[in-house]
Amino acid sequence: MAEPVYRRVVVKLSGEYLAGPHSFGIDQATVDRIADDLIAAQKLGIEIAVVVGGGNMVRGVEVSSQGVSRPTGDTMGMLATVMNCLALEAAIQRKGAPAQALSAFVMPQVCELFTRAAAHKALAEGRIVVLGGGTGNPYFTTDTTAVLRAAEIGAQAVLKATNVDGVYSADPKKDPAAKRFDRLTHSQAIEGGYKVMDATAFALARETSLPIIVFSIAEPGAIGAMLRGEGRGTIVAG
C-alpha cells in the first residue's frame, strides 16, 4: 500500500451529497458510509478536518431569491451546515472513532467555537474535526470556507468531494465529449469558469499555495485512495 501523500488535509463535503438518493434532509446510510471512509483515511496516519455544506437543508442564495435578505439567507444556510456537522460527528463517534464538531458561531450548548487553537488541539488528540457554520459571514461559500480553514490550520491540501471524478471542460453527464483534466493551475480553473468550486475559493487557494484535489466520493474508500495518490481526480495547483 502506498504511503499517504499528505499528513493533514481538509475534506470538503457538499450538503446535497449527505441527502443521498433524496432531495432533502440527511440520509443516514450515506452519512455512515462517509464516516467509514473518513475513519479509514485517518488510520493511514492523516489528520483530517471536514467542512460540510448545507444545501440539503437550506441554500442561502435560493432563500434570498424568495424575498429574504441575502445576509439572512446565508446565515440560515450556515446554520444548516451545523446540523450536518453534528450528524457526521455523531456517525463517526458511533463507530468508535473520536470526532470533534467546531462551529463558526458561538453556540456553547451545541458545540465548541472554531478557533485555530481548538482545531489544532483536536487534531493533535487524534480527532476527526468536523467544521460547521461556514465562515460565519454571509456571501462566502463553504468551498471558500474549506480553503480558508485549510490555510488557518496548516493543512497541505483540500480534497473536494463531488459526484464526478475530477474537473471537466463541460458537464460530462450532458456532454459526452467533455474533457477531463488531470491537472490545472489555480488561474486556469478561475479563467475556465469551471463550476466545481467558486472563483473566490480558487483565488484564495492560489494566494495560499494550497492544492485542491477534485474527486468522486461515490466509491467506498475514495478518500483514502486519493490521499495515497492512487485515486482518479483533478489536481488544481500552481
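Including glycine, each Cβ sits where the backbone N, Cα and C put it.
The feature ATP binding site is assigned by Swiss-Prot to K12, L13, S14, G15, G55, R59, T162, N163, Y168, D171, with sequence analysis given as support. Neighbour density for S14 (ATP binding site): within 10 A of its CB lie 21 other CB atoms from the protein chains shown.
Within 10 Å of the C-beta of N137 (UMP binding site) we count 14 further C-beta atoms, all protein chains included. The feature UMP binding site is assigned by Swiss-Prot to G54, D74, T135, G136, N137, P138, Y139, F140, T141, T142, with sequence analysis given as support.
Among G54, D74, T135, G136, N137, P138, Y139, F140, T141, T142, the residues given in the record as binding UMP, the maximal Cα to Cα distance rounds to 14 Å.
For the pair T135 (UMP binding site) and T162 (ATP binding site), the Cα-Cα distance reads 21 Å. Ranked by Cα separation from Y139 (UMP binding site), the binding-site residues K12, S14, G55, T162, Y168 are led by G55.
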